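Under the heading active site, proton donor, Swiss-Prot lists Y50. The substrate binding site annotation in Swiss-Prot covers H112 and rests on similarity to another entry. The feature NAD(+) binding site is assigned by Swiss-Prot to 168-169, 217-226, 273-283. The site 'Lowers pKa of active site Tyr' feature in Swiss-Prot is assigned to K79; the stated evidence is similarity to another entry.
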Amino acid sequence: MASPTLKLNSGYDMPQVGFGLWKVDNAVCADTVYNAIKAGYRLFDGACDYGNEKECGEGVARAIKDGLVKREDLFIVSKLWQTFHDEDKVEPITRRQLADWQIDYFDLFLVHFPAALEYVDPSVRYPPGWFYDGKSEVRWSKTTTLQQTWGAMERLVDKGLARSIGVSNYQAQSVYDALIYARIKPATLQIEHHPYLQQPDLVSLAQTEGIVVTAYSSFGPTGFMELDMPRAKSVAPLMDSPVIKALADKHRRTPAQVLLRWATQRGIAVIPKTSRPEVMAQNLDNTSFDLDSEDLAKIADMDLNIRFNKPTNYFSANKLYLFG
């Protein structure tokens with residue numbers, strides 16, 4: 001089945017249900033993308049930092065060559081990493097990422113985090129990661145502001161390298177600031193969003209301003225448990241939640257479908273991933289039923305304001321308090 005779409009403020013239609021590419025292993029990434037296209041996915045959410053964009057591009061190229069899709073049928077999303085925030089570095093790295101994907105433009109290109117770090121040349125290390133030395137040294141840029149970076153992002157649109165641009169992991173004040181200085185308004189805001197971290201005020205702000213919200217990590221701690229993260233292990237998996245399981249039984253759906261529908265029913269886009277064809281189909285088919293007001297209220301009561309995707313949860317990073 002095809003995903004419903006959401007209209008962006010840039011005028012383009014974005015599939016509401018896409019396929020996330022974080023932690024998709026390089027060895028299987030091309031096949032995973034190809035199989036997801038066969039299953040009906042059209043939006044693919046990647047990033048420089050995921051380290052698998054070449055393989056993603058191979059999967060896309062094979063699907064186009066085999067006649068499964070045309071380029072214009074796909075909606076390819078990628079992100080600008082923090083070490084490339086300098087105005088003169090944005091376009092060159094975008095062109096490199098486009099080359100990895102074997103495409104001429106991104107449908108959507110995002111600022112990955114609201115943090116400008118010192119430049120690391122791709123010939124030294126790519127993806128560069130968080131640390132300047134590749135080990136432990138954090139070096140904030142002393143010259144580059146988010147406004148300057150956004151100006152360079154806008155020029156990507158002017159040059160046809162990106163059709164829409166957006167932001168990721170921004171909190172409310174950064175969104176407010178962007179709305180003041182932006183010539184081209186952010187089309188989307190991608191955030192960690194699940195029943196344990198609902199961020200209702202941030203979601204409301206974005207939607208009120210005509211910015212589409214995309215939820216990542218819709219299944220909460222599950223993806224972070226694989227990283228042996230203590231914070232993720234401190235709470236029960238959402239798939240095992242009695243509330244979510246009861247709603248899945250009530251609607252004769254899987255817990256994953258309930259978690260995804262909780263977002264999509266509220267106008268939020270989702271980007272789940274899986275390597276299993278049957279689960280690919282289930283995740284894509286999450287908009288064919290509705291949760292009632294009582295269901296939504298029960299999930300709203302699950303909010304713990306627990307964030308998993310922040311640097312201080314991965315490593316000792318006392319200079320990387322991005323969500324303070």
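For all residues, glycine too, the Cβ spot is worked out from N, Cα and C.
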When distances run from the Cα of V279 (NAD(+) binding site) to each of the recorded positions Y50, K79, H112, the nearest one: Y50
Integer Cα-Cα distance in angstrom, K273 (NAD(+) binding site) to K79 (site 'Lowers pKa of active site Tyr'): 17
R276 (NAD(+) binding site), number of other Cβ atoms within 10 Å: 10
Candidates Y50, K79, H112 (recorded positions) - the one closest to Q282 (NAD(+) binding site) by CA: Y50
Number of other Cβ atoms within 10 Å of the Cβ of the residue listed as 'substrate binding site' across all protein chains: 20
C-alpha spacing of Y50 (active site, proton donor) relative to R276 (NAD(+) binding site), in angstrom: 20
Neighbour tally for F224 (NAD(+) binding site), based on other Cβ positions within 10 Å of its Cβ: 21
Per-residue Cβ crowding (10 Å cut-off), top of binding-site residues S218, Q282: S218
Cβ atoms near K273 (NAD(+) binding site) (within 10 Å, other residues, all chains): 22
Euclidean distance between Cα atoms of H112 (substrate binding site) and K79 (site 'Lowers pKa of active site Tyr'), Å: 5
Cα proximity to Y50 (active site, proton donor), best match among binding-site residues H112, S168, S218, P221, F224: H112
Cβ atoms near K79 (site 'Lowers pKa of active site Tyr') (within 10 Å, other residues, all chains): 24
Set of same-chain residues at least 6 away whose C-beta sits under 8 angstroms from P221 (NAD(+) binding site): Y196, M229, R231, A232, K233, V235, P237, L238, F308
Where S168 (NAD(+) binding site) sits in the secondary structure, as DSSP reduces it to three classes: strand
Three-state secondary structure, which DSSP defines for H112 (substrate binding site): coil
